[in-house]
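Okay, so here's the structure we're looking at.
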Amino acid sequence: MAHINESVVSEFVLLGLSDSRELQLFFFAIFSVVYVTSVLGNLMIIVIIFSDSHLNSPMYFLLSNLSFIDICQSNFATPKMLLDFFVVHKTISFEGCMAQIFLLHSFVGSEMMLLVAMAYDRFIAICKPLHYSTIMNRRLCIIFVSISWAVGILHSVSHLAFTVDLPFCGPNEVDSFFCDLPLVIELACMDTYEMEIMTLTNSGLISLSCFLALIISYTIILVTVQRRSSSGSSKALSTLTAHITVVVLFFGPCIYFYIWPFSRLPVDKFLSVFYTVCTPLLNPIIYSLRNEDVKSAMRKLRNRHVNSWKH
């Protein structure tokens with residue numbers, strides 16, 4: 001961070017999603033609802049899981065941590081974007097920009113690893129049910145969560161270590177509503193080709209390896225489930241469908257961005273919105289709507305509060 005003061009650029013200008021005043025007000029209304037719903041929805045999942053003793057299994061412990069990461073991801077850039085809809089000159093300090101890059105890659109990297117841990121949990125539960133309670137204990141879950149955060153932070157630091165030292169001496173307009181790493185790198189006053197390749201390799205490697213691990217795991221699980229015809233298998237299939245839906249919607253935009261990260265198309269801005277604003281909403285919507293245990297715990301918690309108010 002020692003080189004920050006040597007940079008001529010002390011702040012970046014965020015061009016946002018649109019110059020149209022009407023569109024900005026429309027986006028504010030839509031994204032405000034998505035943001036509040038996302039934060040409250042994930043908070044509700046955490047409260048429900050920790051308040052219901054029937055949801056103390058490893059799967060729900062990992063799910064509550066996924067909700068916590070989603071709350072963090074909802075807050076790294078969305079509140080500023082909502083405020084910027086009412087500001088003509090949207091700026092962010094150099095330090096603030098670096099902080100956004102660090103937080104985004106920390107949360108995304110952590111979530112990727114946590115989704116792999118959740119896939120492993122389902123693999124053991126369905127393919128080795130007799131050994132599940134022995135293998136998937138609380139200690140292993142804590143190790144999984146710790147590893148996911150460690151990988152996310154290391155992944156982010158590896159990006160930031162090179163980005164903060166880049167010479168920013170001229171253009172400072174970022175064509176997005178937050179500091180997107182590829183767009184910020186392009187503003188450096190030097191040939192950034194090697195930096196771009198390194199960014200692609202770093203992010204692409206973790207994204208692709210996690211995605212392939214998930215695809216292989218869920219393929220094995222689905223084959224195992226299809227061989228059975230019990231009601232337990234039907235419930236497992238429902239849970240798997242929820243997991244696979246989250247994986248596809250989470251990794252889809254991510255892999256797209258790293259196919260050609262430094263060649264932007266008009267649709268990329270809106271994919272960025274989906275990735276940073278809408279993705280944290282997937283968890284509460286998909287898991288709460290498809291998971292009978294969560295819905296049952298939700299009803300019990302609601303009835304408990306209703307009865308306490310009556311008395």
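The backbone N, Cα and C atoms fix where each Cβ goes, glycine too.
Noted in TrEMBL for the protein shown:
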| type | residues | note |
| --- | --- | --- |
| TRANSMEM | 25-50 | transmembrane segment |
| DOMAIN | 41-287 | domain 'G-protein coupled receptors family 1 profile' |
| TRANSMEM | 98-120 | transmembrane segment |
| TRANSMEM | 140-162 | transmembrane segment |
| TRANSMEM | 205-225 | transmembrane segment |
| TRANSMEM | 237-259 | transmembrane segment |
| TRANSMEM | 271-289 | transmembrane segment |
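Sequence-distant neighbours of the transmembrane segment (140-162) (same chain, 6+ residues past either end, Cβ-Cβ under 8 Å): 58, 61-62, 65, 98, 101-114, 117, 120, 181, 195, 198-199, 202-203, 206.
Tertiary proximity for the transmembrane segment (205-225) is limited to same-chain residues at least six positions away from its ends with a CB under 8 Å from its CB atoms, namely 109, 112-113, 115-116, 119-120, 122-123, 126-127, 151, 155, 233, 236-237, 240, 243-244, 247, 251, 254-255, 258. For the domain 'G-protein coupled receptors family 1 profile' (41-287), the predicted model reports an average pLDDT of 86.
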